[in-house]
Every structure is written in C-alpha cells, then in structure tokens.
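Notes follow the structure.
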Amino acid sequence: MGNSPSYNPPAGISPSDWLNLLQSAQRLNPRPSPSDFTDLKNYIHWFHKTQKKPWTFTSGGPTSCPPGRFGRVPLVLATLNEVLSNEGGAPGASAPEEQPPPYDPPAILPIISEGNRNRHRAWALRELQDIKKEIENKAPGSQVWIQTLRLAILQADPTPADLEQLCQYIASPVDQTAHMTSLTAAIAAAEAATPSRVLTPKTGTLTQQSAQPNAGDLRSQYQNLWLQAGKISLLVLQLQPWSTIVQGPAESSVEFVNRLQISLADNLPDGVLRNPLLTPLVMQMLTESVSKFCRGEASGRGGAKTAGLRTIGPPRMKQPALLVHTPGPKMPGPRQPAPKRPPPGPCYRCLKEGHWARDCPTKATGPPPGPCPICKDPSHWKRDCPTLKSKN
C-alpha cells in the first residue's frame, strides 16, 4: 500500500480520524515519505500525552502542533481542515472541545484531484489481499470501511477497470450485482448533471473518459461515485426482506426460486433490474448440496443455471444403505426346488431326449456311446482303456 503505515490507529485517536489524517498526508507535495507518517504518529502520541484527551477535529487544529518539531504535520492538519471546511463536514467552532464520548461521527474526507500528475498504477495481487484484510473486520458500509477504501484509491488512482477488479475480489456476487446497478444509476445522473465543457459526449461516457491517462477530475468523480454506490448498495441489501430468504431443508428449489422472485418483484425499487440480481442471490442462499451442484454447471450461462434448478428436487436426506437381499415371508411346508430348464436336445451320451448329459442314467453303467479314442475298442470307456493303464 505504498508508503502508508498500518491502518490501525495509534492510541489517542479514533479509527475514522486516523484514516482522515492518512488521506490528508497523501495530498502533500512532494509525496509523503515514511518519515512523514512517523512524524504524524509521534504527533498523535504527543498530543494524547500532553492534552490528556483523544485527538479530534475541534481540538487538533494546525495550531496544536508545535512548529518545527513534527516536520510537515502542520501542513497535513491545514490540508485536512481546508478540505473539510470546503465540504462543510467539519464541526463548527461553537462545538465544545471537551465533548464526552461517544463523539459525533466525523466527516469522510473526499477524493480530490491533484492536477494531471500521473499517479496511476495497477494493483498487484498482494495489494488486493492487503485491502481485503483491512476491511474484512470492519462493518460493511461504515465510515471506517469507506475511509479505508478511500485511502487505497487515493494511493493508486485506479481506473474503472481497476475498481471493477477490486469489487470482484472483496465483494460477493450478490454485492457485486447490487453495486453495479447502483453505480450505473449514479453515473447516468452524473452525466446528465455534468456540463458539456467538462464531459464531452462525443468523446465517450464518464466511464470511458475517466479511464484516460490524464482524466483528472473526471477520474476522481468516478471514484467518488464508485464508493457512494458501494455504500448505498450495501445498505439496501442489508435492509431488504429478501436478504433473510433461504432455502428450507425440505423445500424444493422451484419453490425457493419462486419465493425469491416474488420478494424481488415486491421490494425492488423502480428502475432496478431483477434478473441480474436473481442468479447470484439464488446461488448464495441455496442449501449446500444444491449450491455445489449448480457450481458444477459453471460452463452454462446464468439464466441456464437458474432454469436448471427446476430439475432439482428437494435435498435428499441421509438414509442407511439398503440390504442387497431382503428375505420374504416364510411359506409353510418344505422349500420347493427351483424349476429346471429343459435341455435343448437329446443327450449326447445315450442319444435320448428328456434329460441333460450330467443326469444321464447310462453315465455310470452301460456301454460307451462310441469306441475308445485311444485303442478304438467299442467295449470300454476311455478311463478303462488298458493301453492308458499300461502307460501309467
């Protein structure tokens, strides 16, 4: 994450205030170095130790930092106050400095443009992992959650493609769909309100123009819209009735999908498409066995996945394996032998019909059917041939 220190705040400052100070430090010119962040941390320790109270917007102004002791920290504080005063988010001068906790929630520092300086760099996988690790323990949509993403965006100046990659990495499919819906609506409203001298329709949409190397204010505007859409979509999903609809243990997938469709049709606001949101919701709220089956059909389209759920019955309950043979009821009397299959032709021993050769009555006694194959004598069997016995 560049030269930024840990997002965890030191003692004596709230997480929101610390993230705002880090964002303000990123606006220094020339860019901040590790020593600037060390000075900022030492200033917070000094303030908390000398003032005996946490650092806040009202008590920690530029004049609270002794000149020449903490490097460029006064510039960081001045930039923070200037940005918040322009946005109207800082507390008024009449606010008491000794305000007991809980403190009023501070304003979120917006993303501002730094001219045409090319600061963009694509996020590496390690950086995406760091961002996800920083926000996974924070409440989605909270100020600290938003500010952490703001700081990451301010450091890398991401393009729309980079932000889409980040959304896919940190959000679930349901959150991604809801975020894209909110972002599309926000971009349409911004394009209608932006003057033509700033956003030229002939050059492309806001998304296309903000991807250019020297987009400047347009890219900052897109980044703010992306964050705003993320916060709105998370709040909408958390408060909607369909967020609690899950498939019952004995409920068929068809009934579950129908219940979800009815809830979406009744509760989605006007202008929000239902179909893009239906498939990820179904995949997330299905039972584990059915969800695994659907993930196995990953090669199909989203509509085919949802339609394929109609072929899946209710989840199967685990049962003991059936025996290979189940004995039937005992019949009175001796057990009857199985009927024998009739022979296909006459016996090859006695040339008579009606029995198999193995059951031939002449097998043990009687003349052989033909001459001995060894000595050609027709009066004895091969086993009784004297020639065979003399050889043995």
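Placed from the backbone N, Cα and C atoms, the Cβ positions cover glycine too.
Swiss-Prot assigns the feature zinc finger to one of the listed ranges (28-45, 82-99, 298-315, 370-387), namely 370-387. Counted with DSSP, the zinc finger (370-387) comes out as 5 helix, 0 strand, 13 coil. Counting residues of the zinc finger (345-362) by DSSP class, helix then strand then coil, yields 3 helix, 0 strand, 15 coil.
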